[in-house]
Structure formats: structure tokens, C-alpha cells
């Protein structure tokens, strides 16, 4: 065994409880298109990660799910809708608390989402931000859902963006660099000059509002019309796993020097890698499509528990123990995934002999790398942002030094530790 090795830290990006695979889609927590709907279940408190939690966009909800009855009296089902498009949305102009009306496309979007919601289980109440772009969207929905009265709540407003409001985003850094820098800050308590809010302030007011609505409407289905920034804050509360990325970056920044950061080019991995890079000497992230998740063909975009029913042939192929079986719809076999993932890590190892490298990828890829390094069949899960350390010595010697380490998440320690 060579004394000079490459140490590769494999980090798993965060994900949602739906087949993601190689689809290049912006996660719902990053960007919300106009009239996007997000479904939340509220019990006594906004839930932490739970297997029944769904985050869905209009084009991805199976009609069988949309039309299901809602009778559970222990929680409220709240359908959160982002307002329709405005001219400022189309122009890339920052709105914040400024009261901008819907454009024609936005009014059509509002009518479309209203028509959809009118065909789903009964809506008991409609709440809205008091800003016109949200209120008109809400009134359109309310009219189609039994002529309900819209209840306005200022706590559902968009984030106040201070001196950035009214500026075209691409020009903001030049016209008001101080406010732009505050907006991009990773500090959640950083407010924006000109009376703008911090992300913490936005988070507190909008989650408090949704909590009040949830308590009032247990056993009911409610529509809330709000804004993109509010939806991001609500997602943060309902799915707190996103916090793990920052903790992972902080942990790696305190460990021995990192020479390079490689990442899958899919956004969920790339965002994780960029956060790590910013904390580790502002390294440039090297994107590698060979580090993408397995292409799972026709099961992509499906909820796992529904896949067997919706696409049984693809589900059987995905669940097969045959490593050469491809998945219908352009999906890969386990062998194909294995060869591209291990070839990618081998190239990285050869390039960085004697160095420490971070690679951000996906659960399927990491399982393939485990198969290369260890003849034992892998069992168990790979936690989001877990650290898995491989040492590569030449072409033939792969050693797993640590596996499933999530100690940066304030757990008791590594989930599995393999020393060799």
C-alpha cells in the first residue's frame, strides 16, 4: 500500500421525500414560481421532518392525491399559494412590501390555480397577505371555492427588503452595494438598510401567522396566499434538514486543509458544495456530471410510496437486485451508475495524490462507491450531509475510513465508523 494517499470526503446533499435523480429542477425551497402551491399539515406545532410531509408543485401532484378527502381532526391542512405574476416579477424588479398589482399573466395564473383548488376537497377558509398581488390571487380563489371571504393578515406579507425595493435585481449590487450585501449575507439576523427585515424577523412573523391559522382550523383545509420569501421561511420550519448544510460547512472548515471541492452539477448537490466552499477558503467548486445521482427513469418525480402503483414496471426494475437491469424511461442500471461514479472518484484521486478533497454527491453514488471499497453488501441509509471518508491508494486500493458520520449535526457521533 502506498504511503501517499488521496483522502476523499463524500458528503450527501439534502433531498426531499420524492425521487429526484438526474432531473435538474430548482428545489421548492429555493425558488417558487407564480401560483405555486405548497401543502402543509399542522398539528400542535409546525412539524419537523415527517415521512407524510409533502411539498408539491401544481404540475407534480397526482390527481388521485389532489382529490383525496381530508377528515383528520388532529391537524389543519394548509395549502400555501404564491401570488400570480406581476410586471415587476417579469422584469426582475424587487418588490418586498411595495404594493404591485398582478399583470395579465398573473390574473390568468390566479384563475388557473383557483379552478384547480375548486375541484379538490372543500376549502374552509382563505387567508392572504394584504398586498394586492396576493389579495387579488386570494379573491380569485375564494370566489371559485364557494364565495368565501378573504381574511387578510399583514404577517403574511413578503419580506421587507428596505433600500432594495424598486431596484432591478441584476443592478442592485451596483446601485446599492450595502443593501445588496446584507441581502446576500448568510447571517439570519442581518437586516437590510432602509427598514428592511432580517430572515429571522420574517421567519418569526410568518410562522406565527401560520401557527395561529393552524390552531383555528384543525380538521379543516385552508388556503393561504402569500409570497416567495414567506414560502421559503415556512419550508425552513417544516423541513429543518436544510440547516445541516451550514453545520457541515462549519465542521469541514475547522478540519485539515481541503485542496479541492468537486460536486455533482445538480442544484441540490451544488448548493451544498458552494456552502462548504465558502467556508473553506472560498475554493471554486468543480462540477462533474459523472457525480450525478442515478437516473431512475420513469420513477423520477414520484413519491416513493406511490411508485409501485403509478409505474409498476419501473418500480420493479428500481427494486431489482440484478445490477445490470436498467429502469424504463432512460434510467440507468446499478452497474452503469457504479462505473461512472467510481471512474469519477478514481480520476479525482489520481489528480490529488497526497491531498484532502471534498466530493458532494448523492445517496446512490455513495452506495456505488461503498460497493467499490467494500465487498460487503451495503445496508441502511445514508443521512443527508453525512461524511463518508475514502482513502484511495493507486488504482486498486480503496479504504473506507469513516461512514455515515453526522457528528456535525450534534448527534452522539458517527452513525457507522469503519477503520482500516
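Glycine too: its Cβ is placed from the backbone N, Cα and C atoms.
A 10 Å cutoff on Cβ-Cβ distances gives residue 83 (active site, tele-phosphohistidine intermediate) a total of 32 other Cβ atoms nearby, all chains included. Here TrEMBL flags 83 as active site, tele-phosphohistidine intermediate.
In the shown protein chains, 24 other C-beta atoms lie within 10 A of the C-beta of residue 158 (active site, proton donor/acceptor). As annotated by TrEMBL, active site, proton donor/acceptor applies to 158.
Marked as substrate binding site by TrEMBL: 82, 83, 84, 85, 86, 87, 88, 89, 133. Counting Cβ atoms from all protein chains shown, residue 84 (substrate binding site) has 27 others lying within 10 Å of its own Cβ.
The binding-site residues considered are 82, 133; of these, 82 has the fewest other C-beta atoms within 10 angstroms of its C-beta. Put plainly, the binding-site residues 86, 88 were compared by Cβ crowding within 10 Å, and the winner is 86. Rounded to the nearest whole angstrom, the C-alpha distance between residue 158 (active site, proton donor/acceptor) and residue 82 (substrate binding site) is 10.
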